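Novice: Below you will find the structure I want to go over with you.
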Amino acid sequence: MEGIAKITLILLFLFVTMHTFANWNTEAAVCVYRTCDKDCKRRGYRSGKCINNACKCYPYGK
């Protein structure tokens, strides 16, 4: 029973860590002007623009 609890805690820790860092950086490595806005919208952001050769996604809000 104690082994199952340890495994569950380890899996929970890994899941939370992966989920936290999955959207850590919302900038793509190279910006393609035609697809930047589409890619950002597909990921759940309001819009996207190419800034300094990087696709910057803008969230909903102000």
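Cβ atoms here come from the backbone N, Cα and C positions, even for glycine.
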Novice: According to Swiss-Prot, which candidate among Cys40, Cys50 shares a disulfide with Cys31?
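Specialist: That record, Swiss-Prot, gives the partner as Cys50.
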Novice: Which entry in the list of disulfide-bonded residues, Cys31, Cys40, Cys55, has its Cβ near the fewest other Cβ atoms, using 10 Å as the limit?
Specialist: Cys31
Novice: Give the distance between the Cα atoms of Cys31 (disulfide bond) and Cys57 (disulfide bond), rounded to the nearest whole Å.
Specialist: 11
Novice: Taking Cys36 (disulfide bond) as the reference, which of Arg46, Asn52, Tyr60 (the recorded positions) have a CA within 10 A of its CA?
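Specialist: None, since no candidate lies within 10 Å.
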Novice: Find, for the listed recorded sites Arg34, Lys38, Arg42, Lys56, the residue with the lowest Cβ contact count at a 10 Å cut-off, counting only other Cβ atoms.
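Specialist: It is Arg34 that, of the recorded sites Arg34, Lys38, Arg42, Lys56, has the fewest other Cβ atoms within 10 Å.
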Novice: If one measures from the C-alpha of Cys40 (disulfide bond) to the C-alpha of Tyr60 (tyrosine amide), what distance in angstrom results, rounded to a whole number?
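Specialist: So the alpha carbons of Cys40 (disulfide bond) and Tyr60 (tyrosine amide) sit roughly 11 Å from each other.
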